[in-house]
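*Asks:* Reproduced below are the annotations present in TrEMBL:
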DOMAIN    41-328  domain 'Histone deacetylase'
BINDING   ASP112, GLY161, TYR315  substrate binding site
ACT_SITE  HIS153  active site, proton acceptor
BINDING   ASP188, HIS190, ASP276  divalent metal cation binding site
Amino acid sequence: MDISAGGGGNSLPTTGADGSKRRVCYFYDAEVGNYYYGQGHPMKPHRIRMTHALLAHYGLLDEMQVLKPHPARDRDLCRFHADDYVSFLRSVTPETQQDQIRALKRFNVGEDCPVFDGLYSFCQTYAGGSVGGAVKLNHGHDIAINWAGGLHHAKKCEASGFCYVNDIVLAILELLKYHQRVLYVDIDIHHGDGVEEAFYTTDRVMTVSFHKFGDYFPGTGDIRDVGHSKGKYYSLNVPLDDGIDDESYQSLFKPIMGKVMEIFRPGAVVLQCGADSLSGDRLGCFNLSIKGHAECVRFMRSFNVPVLLLGGGGYTIRNVARCWCYETGVALGHELTDKMPLNEYYEYFGPDYTLHVAPSNMENKNTHRHLDEIRSRLLENLTKLRHAPSVQFQERPPEAEQPEGLLYLSCYHGTMLT
């Protein structure tokens, strides 16, 4: 295994506070890299295959339970999405889309969210991995990973921002069957609007999004948007400006998330690790290093609460693969060597062939004063929460049909890869 020895400053204990080894499972379907949004489109599922190759050559696949996700069924997707929207996704093809112009417009499928070959299978695969990861956490795993998931913009009745099915909402709904409170954290450069909207009026799910705000897609995520009704103050938005660096980012992330964990006390955490917040992203304008981005994973892992790690945005695909490989190492408690092992996509990582890339010298438009104001305001909002809201816990809904009893866990939500 190409993992450096020695306890560097970023190395992590493999065991939790209770001394038990972290149980990590990882969902991957070899077909996912074949889906293609179309020429010139920035979203490239191929990045998932590149990530997987790095995981293999760093020896990390041997450290995890590797699972092939079972495709999510219509009824699984309809736990959040409208029946007619799911039916449309299932039936539309590049050949038939011209006959469905009204439906394309109604469901916001077109330029940003194009119809492509295998679209519905793609949705079933990435959603199946996230829901399967939630099931694994519900049954004893400490960390579950689905880098194909994290498509946070999809709405109940429409596609948005390269996202068709909101696998995150579906995974959280699965976690809520076993946990009274679930925390969602989003470090993609774009606001996690679809997830926030889905849980805006409940106190059982807290959403926290760190994102670029101001004339930037999707345009939501104002610091004043805090939730509604029972969900008031259970939505936290951290609006950021161009060029934010590791130090500035962590000066907000750690105090805010530390206080959230103390007050909300979630039974499980979902962390969307969109890599478009990295320096040099094709669509992004932040200046985070891979270690700075991964520090968020390390920090959330340190609370010893079950964590579901998901992908998301990320459009400079060589850096996306670097980031998610490194963050898998963080999840496992391993510090990876910077020198990259030979792999199928080695030429993508030249000229340095290293895991880490230096951030740029771009201007950080986030002043210390502005960051202090944001932190103070959000910490004040958190004081308005009741500590750990008590929920009348209903009889647990079924996980779906389980004709084979517990065998369902391995047969339905994931099949062991050989």
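Placement of Cβ uses the backbone N, Cα and C atoms for every residue, glycine included.
Curation plays no part in TrEMBL annotations; they are all automatic predictions.
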*Asks:* Just name the winner among ASP112, ASP188, ASP276 (the binding-site residues) by count of other CB atoms within 10 A of its CB.
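*Replies:* Going through ASP112, ASP188, ASP276 one by one, the largest Cβ count within 10 Å is at ASP188.
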*Asks:* Within the domain 'Histone deacetylase' (41-328) only, compute the mean pLDDT.
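*Replies:* Mean per-residue confidence for the domain 'Histone deacetylase' (41-328): 98 out of 100.
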*Asks:* Return only the integer: C-alpha distance in Å from ASP188 (divalent metal cation binding site) to HIS153 (active site, proton acceptor).
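*Replies:* Cα-Cα, rounded: 11 Å.
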*Asks:* Other than ASP112, GLY161, TYR315 themselves, what residues in this chain have Cβ atoms within 8 Å of the centroid of the substrate site's Cβ atoms?
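*Replies:* Here the non-site neighbours turn out to be PRO42, MET43, HIS153, PHE162, CYS163, PHE217, LEU283, GLY313.
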*Asks:* Rounded to a whole number, how many Å is the Cα of the residue listed as 'active site, proton acceptor' away from the Cα of TYR315 (substrate binding site)?
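*Replies:* About 16 Å separate the Cα atoms of these two residues.
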*Asks:* How big is the Cα-to-Cα gap, in Å, between TYR315 (substrate binding site) and HIS190 (divalent metal cation binding site)?
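*Replies:* Cα-Cα distance, TYR315 (substrate binding site) to HIS190 (divalent metal cation binding site): 13 Å.
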*Asks:* Would you identify which of the recorded positions HIS153, GLY161, TYR315 has the most other C-beta atoms lying within 10 angstroms of its C-beta?
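*Replies:* Max Cβ neighbours within 10 Å, all protein chains included: HIS153.
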*Asks:* Rounded to a whole angstrom, what is the C-alpha distance between HIS190 (divalent metal cation binding site) and ASP112 (substrate binding site)?
*Replies:* 15
*Asks:* Using C-alpha atoms only, work out the spacing between ASP276 (divalent metal cation binding site) and ASP112 (substrate binding site) and round it to an integer in Å.
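*Replies:* Roughly 16 Å, rounded to the nearest whole number.
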*Asks:* Using the recorded divalent metal cation site (ASP188, HIS190, ASP276) as reference, state which further residues of the same chain have their Cβ within 8 Å of the centre of those residues' Cβ atoms, listed in sequence order.
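*Replies:* Going along the sequence, the neighbours come out as ILE189, HIS211, GLY274, SER277, LEU283, GLY284, GLY312, GLY313, GLY314.
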*Asks:* 10 Å Cβ neighbour count around HIS190 (divalent metal cation binding site)?
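*Replies:* For HIS190 (divalent metal cation binding site), the 10 Å Cβ neighbour count is 27.
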